[in-house]
Amino acid sequence: MSIPKSCEVLVAGGGPAGSYAASALAREGVDVVLLEADKHPRYHIGESMLPSIRPLLRFIDLEETFEKHGFQKKLGAAFKLTAKREGYTDFVAAHGPNGYSWNVVRSESDELLFKHAAKSGALTFQGVKVDSLEFEPYDSDFPSGGKVANPGRPVAARWSAKDGRSGTISFQYLVDATGRAGITSTKYLKNRKFNEGLKNLAIWGYYKGARPWAEGTPRENQPYFEGMRDGAGWCWTIPLHNGTVSVGAVLRSDLFFAKKKSLGEDVTNAMIMAECMKLCPTIKELLEPAELVSDIKQATDYSYSASAYAGPYFRIVGDAGCFIDPFFSSGHHLAMAGALAAAVSIRASMKGDCSEYEASNWHARKVDEGYTLFLLVVMAALKQIRMQEEPVLSDIDDDGFDRAFQFLKPVIQGSGSAEIVKRFTKKEVSEAIDFAVLALDNMAGAGEHANETNGSNGTGETNGDAKTLENITVEDEKVLSGIRILAKVAPSADMKDLEGTAIDGFMPRLEHGHLGLNRV
């Protein structure tokens, strides 16, 4: 099948975000073309999911396919931030016997999503990369600012295929799901900004024969995340259904290179991995009988966001817009929730539920709120890891840690905003997010993210004056805005928070055949 000359919606990128957006739109009868630069199945890191993924899959009739595929069930997860003890999030206790999520082999799960887009009615093409976009001026009452931009209206994309073909496709709407390449943000808007406190580097590999965590208990073989004892970062073990365990380490890039230098000229990533494991004694013990069955891979793991996630007739989703440290497995949730927001807002614009500006703004705000929520909880955990003995979250004793960990649980478990409102006092939230002031500024109305006023020059680079994660503080009013964020956008395992959340006077209408926005 040849790539058509035109379509209603072009989705650039066939990862989880792009495939989900294509499915959601095609199921509404929209003429969708999905272009993926690579060919499935293809390798990707990011194997652990939150329970909030289930209702998102259910909405496009893909939950049962995931259930039957045989992925490793994720009943919960353990997090050991300090040397004292671990906290555990129990998905099944929170949501019932079917409240679990999965650990996935990404080559398999991403292919399921991509194929489902075709089953839903999208025209899908692999090995086809979007190289450039063509814009036309768009001055129709569409001001830049907030989380939207107006570089003009994208009307066509130039593409090239691995088999040597090339061409142009015109469209009415664009969904940019081009992953970290982020063609719209990096090439045209030039608005990607890195979080100076989360400039990390990851190394990882796959093992066989590891001991399961919590063997002989109901928590046996669940994912385990452990902070390094020197505060440099954290390590993970994620069991997979193919008999391997994904094991990796995420640490500050400056400390990674310091470790590398200290080990001498002939250092390998395997040697650095071994040094990291020494600082995570529980994981080190689990790996004692295990055998490494892959190379040790390496990638930058910088967290970033953007000043805009939408504009005239385009939406940015998934890693194309923002990426956050994967400590709490937020990637799939943010990708699919953002993709659904794109589909909702595009249908709203198409059907006249609201203006294109209002639809774009709703999408951009939805993406930004999700990113900010996970930024808060990730920074809370990572600050505790880096400070180790200092009680960032609460008193570091057994009871105190359990109380502090309740701050994180509703977000990780997908318990929704009601649980957060019930559980926390101003003091508890203050202890957890006092370092996140600049991330909160945007939600409080200042319109800026942490790195935009804390060391970023607006070009994706950072200067040397940025505060470290350990030193950021916040005033009381910003703490209160943090409570509002948590109360408003915490993910839910039944999508009730997405359906019941109004942004600028609009609520999503999640009905098949009637997808869009309702004015409230």
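Any Cβ shown, glycine's included, is placed from N, Cα and C.
From a predicted model like this one, the values you see are computed outputs, not experimental measurements.
Features of the protein shown, as given by Swiss-Prot:
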- Gly14, Ala17, Glu47: FAD binding site (BINDING)
- Ser330, Gly331: chloride binding site (BINDING)
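Feature map: annotations from Swiss-Prot on the structure.
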residue	record	contacts (Cβ under 8 Å, 6+ apart)
Gly14	FAD binding site	Ala22, Leu34, Leu35, Glu36, Asp38, His40, Asp110, Phe114, Ala117, Thr124, Gln126, Ala177
Ala17	FAD binding site	Ala177, Val317, Gly318, Asp319, Ala320, Ala335, Met336, Gly338, Ala339
Glu47	FAD binding site	Asn103, Val104, Val105, Arg106, Ile238, Leu240, Ser246
Ser330	chloride binding site	Leu50, Ile324, Phe374, Val378
Gly331	chloride binding site	Pro16, Gly46, Asp319, Phe323, Ile324
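In the three-state DSSP reading, Gly331 (chloride binding site) counts as helix.
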